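Pulled from TrEMBL, these are the features on record:
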- B:Asp71, B:Leu72, B:Thr73, B:Arg98, B:Gln114, B:Asp118, B:Arg267, B:Tyr271, B:Tyr272: L-histidine binding site (BINDING)
- B:1-334: domain 'Aminoacyl-transfer RNA synthetases class-II family profile' (DOMAIN)
There are 2 protein chains.
Amino acid sequence: QGTRDHPPAQAALRDRLLSAVVACFKRHGAAAIDTPVLELRDTLIGKYGEGTKLIYELQDQGGELLALRYDLTVPFARYLAMNKITNMKRYHVGKVYRRDNPATTRGRYREFYQCDFDIAGQFDPMIPDAECLKIVHEILSDLQLGDFLIKVNHRQILNGVFAVCGVPESKFISACSTVDKLDKVPWEEVRSEMVGEKGLSPEAADRIGDYVQLHGGLDLIERLLQDPKLSQNKLAKEGLGDMKLLFEYLTLFGITGKISFDLSLARGLDYYTGVIFEAVLLQQEKEHGEEAVSVGSVAGGGRYDGLVGMFDPKGRKVPCVGVSIGIERIFSILEQRLEASEEKIRTTETQVLVASAQKKLLEERLKLISELWDAGIKAEMLYKKNPKLLNQLQYCEDTGIPLVAIVGEQELKDGVVKLRIVATREEVSVRRESLVEEIRIRTSQC
Amino acid sequence: QGTRDHPPAQAALRDRLLSAVVACFKRHGAAAIDTPVLELRDTLIGKYGEGTKLIYELQDQGGELLALRYDLTVPFARYLAMNKITNMKRYHVGKVYRRDNPATTRGRYREFYQCDFDIAGQFDPMIPDAECLKIVHEILSDLQLGDFLIKVNHRQILNGVFAVCGVPESKFISACSTVDKLDKVPWEEVRSEMVGEKGLSPEAADRIGDYVQLHGGLDLIERLLQDPKLSQNKLAKEGLGDMKLLFEYLTLFGITGKISFDLSLARGLDYYTGVIFEAVLLQQEKEHGEEAVSVGSVAGGGRYDGLVGMFDPKGRKVPCVGVSIGIERIFSILEQRLEASEEKIRTTETQVLVASAQKKLLEERLKLISELWDAGIKAEMLYKKNPKLLNQLQYCEDTGIPLVAIVGEQELKDGVVKLRIVATREEVSVRRESLVEEIRIRTSQC
């Protein structure tokens, strides 16, 4: 339950999607790394706040206590610390595991892929952060998922807001997780949780409410920099300074049209320390019979300058910023679209079927297909001694093979092969020594 | 222990290797599928003989009892039965898990990749089996691993041998697993295990010994078909008939030079029912300072006609034959070679570094790199406001970036970019609107 097989059509769609994401990561100069699915239990415990209880633990069958990784960020931080790496731009595509209640229609599973890009190292402020946002923008544009918005905030601005509203520092993280619910429930509910469960004064909650319901662009940053209270707070001032610089860079990248500085964005995980962001798809129009489904956030990330230090014996910090693409949610949208469009996705890449019209030509088919394979041509044949031509042509129709190479008695005598173009039913006679080249030319256009 | 991180150089090498293997699988018309790493415990138990005790089980944290997959074959059979698929050619690249004693120098780990290709379906005999052997031949040739040999045998021939040598049917599987040790220990030891532990008579053991030490080609098959005892045994006759047909097809494929019919090959797993095979690398010469390491088998597989039926409620069988490429062992050979050759493997694909020679040009660099990314060019820049040109050039040397696009005051005025070819130190002035095209042309040759 909450895990699934991917049959060929899904696997092919997923491959396309992952290729597009990885192409973007490579475009930005990232190297791949791979870490084990199994981590030491102690590496994972205490890094995910509420999430910790969703970690899959392995049976104690002797040896170390192991668990399945919950995300790719903590293993990356562990990897950097273990190998004393202070500077790296990497991507990682891999499966992660959560003992969550699966909501499979919304693309939430217990076993799912994550696609992460992270930049580790001490650099001039906001340049890597801006690149992460550029990457989200590129990927969501490339995949043509429809309109989207990238919400951006800064943990220090949030902490500054809490401070000037009279929240004691010990309650910052707890207040943060309450604010995080603002994208799902109205302010009234968030307020009552703050006052009820979290024990803030009604006045503090109201003051917080005035701030966290704000969103805008560079104008809002400027306004808050002039705010009589926030401008006196060191945390908020630093955060707003970062945010201003970030927006300058995003302007140079030409992507501010899809970016919103949104003070209600808090992000659940404890380890963020600076810029945080989350991309959401905007409600789609119902058109072409396509059903609009809210799939929530499709990418998220932020800066986590303290995590690597937690794994270093001397606590040496390596500043990091990264982004995780919500591939499963994107996949469920694309899958739904594919179903609606009735477009058939090819699950194989076979260029040519080696066939025969007459009986007793299995040997000749085997010889020809072997030549084609050795020349790098993607070729198939039916595993029958004497298949009917009709069945062979039908197989091409069913699986989308564009060409058929037909061997027959006469062709063998003449040293040729009949090449049939499935789509047009055209047949041409090709000299055997030119066949490979002819197949290459005819399939390079598809 | 027995799991490991793959830093970028390893991950890049592994990517190349997996690409070559997957390219071959696609060349043979296979579709990809993906199944979960987590399987129900009951799916796995009882399928691997001795291997069962090496299965990683998850803690019972409520819900179903789960385990990590031990190979990709059993999940494939479970997938076919669950989805009532009777006909499929698929490949699967994924990680599997075994609680084994890791022998990391020989490429044996607790978490490792498997690359499987399987053909499921009722077809004319030996055509799919021959294709599996062709695939092994293609992959080992493509990867240029040195000389190799593919040993082939047939479970029914082995069973026939046991029968004519007076072994009771109940001891076939047990005798099989003893014969399987012949590639590691001399016949004398195998014989004494048969007589001692397995309780066969010394005469039976000797008779078995006469057979299982045979190996050869079509000539041996013909000889055994004339063997007075074997030719009277139904199992052996069928197996030898299959083997003869198989060798005919392999002759048409032109690969019999690397194939040996070897009666000592038994394969450990219980589920094989017909042709079995295993590829081994032959001892390499010590040359170019390269150390020869015995890495044992690098591919293996066979026919398993009964496994799918074990997962079908009505026991409906789907005949299958498949091959698994021992990617980890191949990887450890390639890695060792790479180290010996001191060739440096690029871990990124960046085409151009966007640089500046003067200060205060961060904004211009950001604008230019953004244009390049949007045009699909793989580009990087240093995350510094005012990096030194020398450091920027050094970065290209270190990471293998072939081109540098340098922006400067004068170039900005003239509407050009200076493009530097790192290898030759040549610099050309390129009009900004032609830059993308120029980068494409200059990097398409590398």
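Each residue, glycine too, has its Cβ placed from N, Cα and C.
Just so you know, TrEMBL annotations never went through curation; they're auto-generated.
Feature annotations (TrEMBL) mapped to structure.
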| residue | record | DSSP class |
| --- | --- | --- |
| B:Asp71 | L-histidine binding site | coil |
| B:Gln114 | L-histidine binding site | strand |
| B:Arg267 | L-histidine binding site | coil |
| B:Tyr272 | L-histidine binding site | coil |
Taking only same-chain residues 6+ apart in sequence, whose CB is under 8 Å from that of B:Thr73 (L-histidine binding site), what do you get?
B:Asp116, B:Asp118, B:Tyr271, B:Tyr304, B:Leu307, B:Gly322, B:Ser324
